[in-house]
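Taken from TrEMBL, the feature domain 'ABC transmembrane type-1' applies to 329-611, 990-1263. Residues or ranges marked as domain 'ABC transporter' in TrEMBL: 643-867, 1299-1533. Annotation source TrEMBL lists region 'Disordered' at 259-284. The transmembrane segment annotation in TrEMBL covers 34-52, 73-91, 103-121, 133-153, 322-342, 467-486, 594-614, 969-992, 1023-1043, 1100-1117, 1123-1141, 1206-1227 (among others).
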Amino acid sequence: MAAALEEFCGSVFWNDSFLARSDADLPVCFQQTVLVWIPLGFLWVLAPWQLLPLCKSKSKKSPLTKLYIIKQMMVTLLLMTAVAELVMAIAEGTGQYSLPAVRYTNPSLYIVTWVLVLLIHYARSFCLCRDSVVLFCFWILSLLCGILPFQSLVRRALQDPISDVPRFVLFFISYGLQLLLFIVSDSESSGFLVRTFLQTQCWRLAKGRSLPHRMIYKGHRKPLEIEDVWDLKDKDRTQALYAAFEKNMKTALRKAQAELEKRKRKKRRRERDTEHMNGMSKAQSQDILVLPKKKKKKGGKGDSSHKDYPKKWLMKVLFKTFLQNLMMSVAFKLVHDVLVFVSPQLLKLLIAFVSDAEAFAWQGYLYSILLFLTAILQSLCLQQYFNLCFQLGTNVRASLIAAIYKKALTMSSATRKESTVGETVNLMSADAQRFMDMANFIHQLWSSPLQIILSIVFLWGELGPSVLAGLAVMVLLIPINGFLVNKSKDIQVRNMKNKDERMKIMGEVLNGIKILKLFAWEPSFEKRINEIRACELKDLLKFSYLQSVSIFVFSCAPFLVSVSLASFAVYVLVDENNVLDAQKAFTSISLFNVLRFPMAMLPLVLSSIVQTNVSKERLERYLGGEELDTSAIHHDSIPGSAVRFSEATFTWEQDGNAAIRDVNLDIKPGSLVAVVGAVGSGKSSLISAMLGEMENIKGHINIQGSLAYVPQQAWIQNATLKDNILFGSELDEARYQKVIKACALLPDLELLPAGDQTEIGEKGINLSGGQKQRVSLARAVYNDADIYILDDPLSAVDAHVGKHLFEHVLGPKGLLQKKTRILVTHSISFLPQVDNIVVLVAGAVSEHGSYNTLLANRGAFAQFLNSYGSQEEGAAEETTAGIGNATGLFKAAYVGTLIPESFSTGVPVLCGMQPQSRTSRAAPCISTQSTTSVKKAQEEPIKNIKGQKLIEKEAVETGKVKFSMYLRYLRAVGLGFSFCVAMSYVGDYVAYVGTNLWLSAWTDDAERYQNETYPVQQRDLRIGVFGALGVSQALFLFLATILSSHGAMRASRIVHEQLLSNILRVPMSFFDTTPTGRIVNRFAKDIFTVDETIPMSFRSWLNCFMGIISTLLMIALATPFFLVVIVPLGIFYYFVLRFYISTSRQLRRLDSVTRSPIYSHFGETVSGLSVIRAYGHQQRFLQQNEKTMDINQKTVHSWIVSNRWLAIRLEFVGSLVVFFSALLAVISKNSLEGGIVGLSVSSALNVTQTLNWLVRVSSELETNIVAVERVHEYTKVKREAPWVTDKRPPHGWPSKGEIQFVDYKVRYRPELELVLQGITCNIGSTEKIGVVGRTGAGKSSLTNCLFRVLEAAGGKIIIDGLDIATIGLHDLRQNLTIIPQDPVLFTGTLRMNLDPFDQYTDEEVWKALELAHLKAYVQELPERLQHIVSEGGENLSVGQRQLVCLARALLRKAKILILDEATAAVDLETDHLIQTTIRSAFADCTVLTIAHRLHTIMDSNRVMVMHAGKIVEFDSPEKLLQKQSIFSAMAKDAGITNTETTTL
């Protein structure tokens, strides 16, 4: 081969003597062949791929640019130089002597190459991305290979005159042109390192190319906004990711479900076999099997967690979906892992060079350059690998969240009961996050073992069998680690349970905060949460102890005590000839350092896998749960039938009792059907069955046409009022206006600050109950469906509004007259006007037919009417006689009374608002005078009006995290603790530096005792001190981790306690203006960060910081000149850091802020599931979720890229440190020992990663400390008045129950107008007062004031001679009782719901239940008082929940009772029971009743009529009816003529 090449070149191809001199050079033949062919070969192999665009259609050729023309001209010049050289060769070859072949072939090869380059440039002009990576690499290769001939020619020219001038000139012209082309293509592929290695070339914005440094520069100048962040590539959008994931998931799930069926069959077979073995008769065994099962089912959730589910499919799906990414990252990681082992070998050569006085200087420089290049290549591969891993992580998270969301939309109600909203949000936040973290490390699973094996192979080469001593110790550590991992897994599972439990209660507390405040129950719940938190922290402390042990075992034991000590000691002790010299020691040390990383990573990866495994099981159970089975809902077209029930029997749980049974109904198109029945008779179940929300036992329901559904409790989204009504449909202005008018929303719109553009808070917080219901109805009407299912929409509105709605929307003349309407109702007055009435009793249809038919049947319905319908008799008879006539009358009366009242003068229809779920309404109220101005405002384009935005955008802190936040955290840890931890770390690193210096001195012994035997006592001293230093290092570290975990627990406890106690003490208005999602986010994500992430970050930071200081110290000790280099490098490092941190921090903040909406939207979706499904809007909500996700993904992606931007620059600094430490060692070769050079360079090799880590950890710490900042923000919110003050009311206060209002004024928030405008009245002891008024008259505000949910803006309230503003809130609230409008129940036992402080005996509790008519029901429950109430009280009907609230009030038996619309959700029968109870049980109390149904207050002593925040009438009902009063007009609407006509 060599001979052929020599003939080809006409000179020597290779001879070692060329290198064995001080001015070494490569032979000319080698330069002309190998160095020329390498770059050309590279280009020729990859050229076809670059020319592909030429074969495709040429339609989209980009316009010519200047750059393109310049490049083509330069390549043409190159082509000309090659042609010139070939012509010269031919001219010379025709002369007297023949030239070697190489002179002809090389120019010819170059000519072909340059033509290829021209073609590639042309081909790239058809691409979006003009610059070619292949060409770019070719220019680099060509220039690098050209450096050697370049320096040869220059050196020869300097020694002798130039022999061949033309070729000399042509070479330099060609080299110069290539250099220019490289620069031009680099400017085009600007920031190549980042570009090729971060694939950011497609993250281009419309305004040109924005690369990471652009964004980072921008982020340094001003805090980044979401608009500054790049958009995602299409393949990274949630939709694309989820599509691929779902495809694979479906196939995998099918297989997993088949496996599940097999398992179930086996289990059944086993059960049958055991029965046979016991020799029981079939019947007996069946009974015995059924009974205990039933019991267990009732016991709540006990069994759901042990239910079998499809297993072992999720990981397969993820692997299949993201295979391409995984393969690419494997390739990069492999190259990196191999390169890692090149450095120690180079170090070995460098030490040999320093120790060898004869060595040529060029060798040293070569080694230094090679070390530098290896480091750079290594960092490029590593960063590309990291980029892929992080991308994989975010993509996995996005797919999982999308899958969880979609599952939530399709899951069956039984599955839904198994996991609460809180748990599902946890799946999204914690479990999907676990997968994301796992993806960053997944490759360590194969990479760590590979690195460990390679290290051992190389170490064997250095130290021989002595390595086994170190290895043995490592192997011994594996079982210890296994034990630790198992232990931590148990703790982790327990901890997730505690976390779920705590978040569940927290969610309920936030949803029921109004009730907690009104009943003064906060301390009870605070105690419950703190108890769970204490368990959580106890487990966390155990977990961190285990972690400390694991860190101790893995970081110290192997490297100091065992591996280096064991290996070096054994090496020296085995054989006296074995002397530890610098080469061996430091090559081994740098190999041990390489080992350090995989060994430290492995336990982390394993524990991460353990945690991910717990999450994987939770996700598999959730995603594999049963879907909604709507097979029982048919959509066949049957003429003359809109909805047909055939033998329909449905249940809520598969093996539960049927909720509706054997229903046969046929509902004709266009008819209005009323469904009536007592509380718990299955009215809502009937509707749920139609919506497909229940499990089918037998029969089916046939529905023809589209559905619209109005639920009993209105579901309102956090959006503008208009969006709530449109609900994703196109806007048709005329229809929209018609709907608003019919639903009586016009007066409300006039009062909302921005009309229909007003933002409605979460759960419709700033609307009253009636308004919410009307919006919900308007949504249905606007939707224009064929069949309307209305679940008691009229219960929450006032009587006259109810009439208006029936008249204009639901009734025979309403907007929906041509549609099929199924109306569940408790209101008798509308029944005569419906086409058909269905009476339900215990889930079965007892009778159905028209009003007259049922009356004539004299069945249950007729009796029911007789007992409760007397007050409506007149109306009913009239209506029966001639419906048209009645309607006409009603209309006239209605218009007559209403217009002057409410509609013309714009009464604030918003302010009084009945208390709703958790609020004291944040209702912006505008007084009468300003209505006109609002109208004007509506005509102008909408500007931001004060009060329009209820929910402010979540504040994103900007700029640097204040130092005070770190101090705040350290104070929580305890300053003493913090100091001790820092000192332990200092001790650890002092020992570390000592160990290394001692080793360096030890290796220099090899020189000192070169030709004599090594003294034994010297050897023992060396080993002994080395070991002692190692052990002390380990102990210091162990001490530091133990101390820090104690401190961290203390901090976690304090931070959570402060947050919780403040949140429970802030005024109601805070909850109105803050979405629950935000508060939950503080308790979930931010507290998690304080618990687990910050302590880790602090520890890592200290570790890195001390590591870098110690390394630089050691290099400076070896080569003091290094201090000169450190200064510029330090400055560069600092600037990069400052630049990057501001961007990274802001991106992290954006990440937190854009994450909240994902959870908020999810919570909202889950609570409105039945509505979304009924309208069939699942797809729209999925897209909305994808959009929200993409915004979050965007910030995360940008964060990843900015991290890589930083890492590349920092690792460059690290590589320079290595280069300079090696270079300085080479320069000052004669004055240095091998040991100290080894120490210096091996430390430098270590510093690259540490430098990188320091920045990462600093920014991570700063990012995570933001959690402390966010929590702190909520501990600073202004509190309401103290719960207990020095002035306590006398014992037994209020004894009489007299209430005096003295010129009392109040407003909801400081910037809003007054809601109550100076009320003055006296209420005597034991008086019964009814409070009435149109929606928004200020009725509910009155109750809020009595409980001081709203503080006075003027005036005072005096109860029994005591001004209530002077005593503590709890003293006040514990002595009043309220039965609120929304029955809120909490998870826990029934008893806990009635008496959270255990103040009453069981007898008293049963007595209260008996009075509330619940005793019979509770006695039937297997657990009785210990019956578990599910989240939000979902396992009781709305009516039953209302009765539980009544029982609460009866138990308290305070002197003053307030009823707020308390009977809105119950049927007349129950209403009657409640009223009777209240009359008898509270006869000696003062009772204030806010009523919608006027007949509930007709027997009051006095009636207070409110209007626009003032009392307009206040007298006995009899007197008011006789006058021409507002009250008499209202009574007329309700069909009440005198007080006698009411039995209620």
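The backbone N, Cα and C atoms fix where each Cβ goes, glycine too.
Unlike curated records, TrEMBL annotations are generated automatically.
The shown structure was predicted, so the numbers you read here are calculated from the model rather than taken from an experiment.
In the predicted model, the domain 'ABC transporter' (1299-1533) shows an average pLDDT of 83. The list of residues near the transmembrane segment (103-121) in space but at least 6 beyond its ends in sequence, with Cβ under 8 angstroms from a Cβ of it, reads 32, 36-37, 40, 43-44, 47, 50-51, 54, 68, 71-72, 75-76, 78-79, 82-83, 85-86, 89-90, 92-93, 132, 134-135. Of the two recorded stretches, the transmembrane segment (969-992) lies close to the transmembrane segment (1100-1117), with three or more CB pairs under 8 Å once pairs fewer than 6 apart in sequence are set aside.
Same-chain neighbours of the transmembrane segment (1123-1141): 216-217, 219-220, 1112, 1116, 1202, 1205-1206, 1209-1210, 1213, 1216-1217, 1220, 1224, 1251, 1255, 1258-1259, 1262, counting only residues six or more beyond its ends whose CB sits under 8 Å from a CB of the stretch. Within the same chain, residues 981-982, 985-986, 988-989, 992-993, 996-997, 1040, 1123, 1126, 1217, 1221, 1236, 1239-1240, 1243-1244, 1246-1247, 1250-1251, 1253-1254, 1257-1258, 1260-1261 sit at least 6 positions outside the transmembrane segment (1100-1117) and bring their C-beta atoms closer than 8 Å to a C-beta of that stretch. Same-chain neighbours of the transmembrane segment (133-153): 25-26, 28, 31, 35-36, 38-39, 42-43, 46-47, 49-50, 117, 120-121, 168, 171-172, 175, 178-179, 181-182, 185-186, 189, 192, 196, counting only residues six or more beyond its ends whose CB sits under 8 Å from a CB of the stretch.
Tertiary neighbourhood of the transmembrane segment (34-52): same-chain residues 26, 106, 109-110, 113, 116-117, 119-120, 123-124, 132, 134-135, 137-138, 141-142, 145-146, 148-149, selected by CB-CB distance under 8 Å and a gap of 6+ residues from either end.
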